[in-house]
Amino acid sequence: MGLEEKLPSGFILSTVEAAAGWARKNSVWPATFGLACCAIELMATGGPHYDLARFGMERASASPRQADLMIVAGRVSQKMAPVLRQIYDQMAEPKWVISMGVCASSGGMFNNYAIVQGVDHIVPVDIYLPGCPPRPEMLIDAIVKLHDKIQNMKFGAHRAEQIDELELQALRTLPLIDQGASK
Amino acid sequence: MGLTDWLNPVKGFGVTFHTMFKKPVTTNYPEEKRPTAPRFHGRHQLNRWPDGLEKCIGCELCAWACPADAIFVEGADNTDEERFSPGERYGRTYQINYLRCILCGLCIEACPTRALTMTNEYELADSSRESLIYTKEMLLAPLTQGMEQPPHAMRLGETEEDYYRLGRTNG
């Protein structure tokens, strides 16, 4: 990314992390990817009643290069999947993805060959949002949860440490059957 | 063409100016939560009888009714030593995958004992697929006054029929 990535770890980096996290979370520009009925709720969230502008998100970007957050709203068909991936690749780092609604999250009730069974097959998803479609409050709740993630995002050396730690954690996770998934 | 036509664009600004004195309609959602409609379809709940026994009998009708195959139920037999619900069987495993569930409420219609109902809770977003598969412990209603954690014996009657007829005088 930028200069902030090159800083040595320690007191200065933690302060920069906190400041940059605060700045980032207060101006998340969404690249809306409205694909179906969830997009209607997404538009309602942008309207005066719920007012996404309160979170610095009123600029729903039609150009991926100026966007930070991709809100995948609706079922992703196999034909749309490469398009979605291209939009995601065009977005500049740092970028986040909210999978809005059950269809985007797991295919939902469309368990068939035409629909991608979860957008996380194509792009990494930060927040999964259930609901069919989720009401605007649910979307705002997901955004607030994402803000928490953005605020606590690490930089540079801290980031590398965090990635290693998460990787180790993932490797140590027991398969569902050993976690007592039958309960 | 009238003489005052040049005023029309200014009239538009009049509307804008007027709204400055109106109360905003915005709900400040995370701080100020407005109640949903009373019968809003939110997260599910597995109910209990007044003595704490579970209402779910493990019949899997909810799983069969589900159009999205979001519910997984596995029933097991009650024994006299280990009794979770009145009657013969109880739901040993109960999972709802909220990444499949479309909150349509067909499972609630299908439930013969009103064991499964919906709450008005809607803040469900989470960061992994696994955490959105709700298990039985997460779905069961909390124990309230007079309830005891199962397994325990039937307190409110001799047979399950007494439970099903609770509070009814005829039929």
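Using the three backbone atoms N, Cα and C, a Cβ is placed for every residue, glycine included.
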Please pick, from B:Cys104, B:Cys111, the residue that TrEMBL records in the [4Fe-4S] cluster 1 site together with B:Cys56, B:Cys59, B:Cys62. B:Cys111
Binding-site residues, contacting chain A; criterion Cβ under 8 Å; candidates B:Cys59, B:Cys66, B:Cys107: none
Cβ contacts under 8 Å made by the domain '4Fe-4S ferredoxin-type' (B:46-76) with residues that lie 6+ beyond its boundaries: 83-98, 100-102, 104, 106-117, 136, 139-141, 143, 146-150, 152, 154-156, 163, 166
One of the binding-site residues B:Cys101, B:Cys104, B:Cys107 has its Cα closest to the Cα of B:Cys56 ([4Fe-4S] cluster 1 binding site), namely B:Cys107
Determine, for the [4Fe-4S] cluster 1 site, the additional residues of the same chain whose CB lies within 8 Å of the mean position of the CB atoms of B:Cys56, B:Cys59, B:Cys62, B:Cys111; present them in sequence order. B:Ile57, B:Gly58, B:Glu60, B:Leu61, B:Val73, B:Gly91, B:Cys107, B:Ala110, B:Pro112, B:Thr113, B:Ala115, B:Leu116
Length of the line joining the Cα atoms of B:Cys66 ([4Fe-4S] cluster 2 binding site) and B:Cys59 ([4Fe-4S] cluster 1 binding site), in Å: 13
Do me a favour and check the Cα-Cα span between B:Cys107 ([4Fe-4S] cluster 2 binding site) and B:Cys62 ([4Fe-4S] cluster 1 binding site); whole Å is fine. 4
Between B:Cys59 ([4Fe-4S] cluster 1 binding site) and B:Cys101 ([4Fe-4S] cluster 2 binding site), what C-alpha distance do you get in Å? 19
